[in-house]
Amino acid sequence: MAKDPVRVLVTGAAGQIGYALVPMIARGVMLGADQALILHMLDIPPAAEALNGVKMELVDAAFPLLKGVVATTDVVEACTGVNIAVMVGGFPRKEGMERKDVMAKNVSIYKAQASALEQHAAPNCKVLVVANPANTNALILKEFAPSIPAKNITCLTRLDHNRALGQISERLNVQVFDVKNAIIWGNHSSTQYPDVNHATVLTPAGEKPVRELVTDDEWLNGGFITTVQQRGAAIIKARKLSSALSAASSACDHIRDWVLGTPEGTWVSMGVYSDGSYNVPAGLIYSFPVVCSGGEWSIVQGKAEHPRTRF
């Protein structure tokens, strides 16, 4: 039986991450190969022409799952009826700007988008904030959309989680699919804590702890952590542009696992509204290990062996 189309909003859709993300969604990477969808793309008026170009390319690609495209600069039109919202758009930090200046700009952006989502999105709309500072932007959105359930507003730390898996995979020369259960604690920033104390690798002899296989605590407690923390900066240095392909892919992973569920015995990292677990104050948006089932996430308990909880 054919599924009804799901409406997926991508803000900042004409930008780098948006351009990488929308074809992944249209191809079924986010919601599965049997889920039809309608893409809603929002960007600012100066990007309207580029946004229309992205729409033309989506039409030209003839994605079988894509049943419609809404490309607009009107926030109400963009948010109407959406089931999933991926908030990629935000004011970028420019040379000479302090973080507080960026946050002030993003308050006005996210206030308008939060209001539109609250009033016009479908009931139980799931929200993923990608734009940095992601944790802060998610909290801003939550404050200005109080009727959206707290559990439905999340931010992206899956990119950091995947970076951790990738580093272990390269270090051990194993398939990244065989590495699981790393944890990202805290913010999507250089203050995050990548934790492999519970991570395992599937070997011919069964699952083995990462620490047992790597046998180099100096690297795991030093170089590994700083590499994951500073990977975004390293990519900017190499590309002269920020992470786009990997951010888009991780956003798909985040939503897919949230909607379709995590595999048995596997957890992932998501920035979610704290319930007080691990002594993290309730109400903060913080990255925890989570499992997902039935479209809901829950924090995995009993895994706090990291040196300190970071805020």
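Numbering starts at 1 and runs along the chain as it is shown here.
Placement of Cβ uses the backbone N, Cα and C atoms for every residue, glycine included.
Here's what TrEMBL has on this protein:
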{"type": "DOMAIN", "residues": "6-153", "note": "domain 'Lactate/malate dehydrogenase N-terminal'"}
{"type": "BINDING", "residues": "GLY12, ALA13, ALA14, GLY15, GLN16, ILE17, GLY18, ASP43, ASN106, VAL130, ALA131, ASN132", "note": "NAD(+) binding site"}
{"type": "BINDING", "residues": "ARG93, ARG99, ASN132, ARG163", "note": "substrate binding site"}
{"type": "DOMAIN", "residues": "157-301", "note": "domain 'Lactate/malate dehydrogenase C-terminal'"}
{"type": "ACT_SITE", "residues": "HIS188", "note": "active site, proton acceptor"}
Inset, instruction - Going by Cα-Cα distance, pick out whichever of the recorded positions ASN132, ARG163, HIS188 is nearest to GLY18 (NAD(+) binding site). - result: ASN132
Inset, instruction - Inside 10 Å of the Cβ of GLN16 (NAD(+) binding site), count up the other Cβ atoms and send me the figure. - result: 17
Inset, instruction - List the residues of the same chain that sit at least 6 positions away from ALA14 (NAD(+) binding site) in sequence and have their Cβ under 8 Å from its Cβ, in sequence order, or write 'none'. - result: MET41, ASP43, ALA47, ALA50, LEU51, GLY53, VAL54
Inset, instruction - Could you check the recorded positions ARG163, HIS188 and say which one's CB has the most other CB atoms within 10 Å? - result: HIS188
Legend entry - Around the Cβ of GLY12 (NAD(+) binding site), the count of other Cβ atoms that are within 10 Å: 25
Legend entry - Cα-Cα distance maximum in Å, computed over every pair in GLY12, ALA13, ALA14, GLY15, GLN16, ILE17, GLY18, ASP43, ASN106, VAL130, ALA131, ASN132 that the record assigns to NAD(+): 18
Inset, instruction - Calculate the distance in Å between the alpha carbons (Cα) of GLY12 (NAD(+) binding site) and ASN132 (substrate binding site), and round it to a whole number. - result: 12
Legend entry - For ASN106 (NAD(+) binding site), the one of ASN132, ARG163, HIS188 that lies nearest, given that the recorded positions are compared by Cα: ASN132
Inset, instruction - Write down the Cα-Cα distance for HIS188 (active site, proton acceptor) and ASN132 (substrate binding site), rounded and given in Å. - result: 8
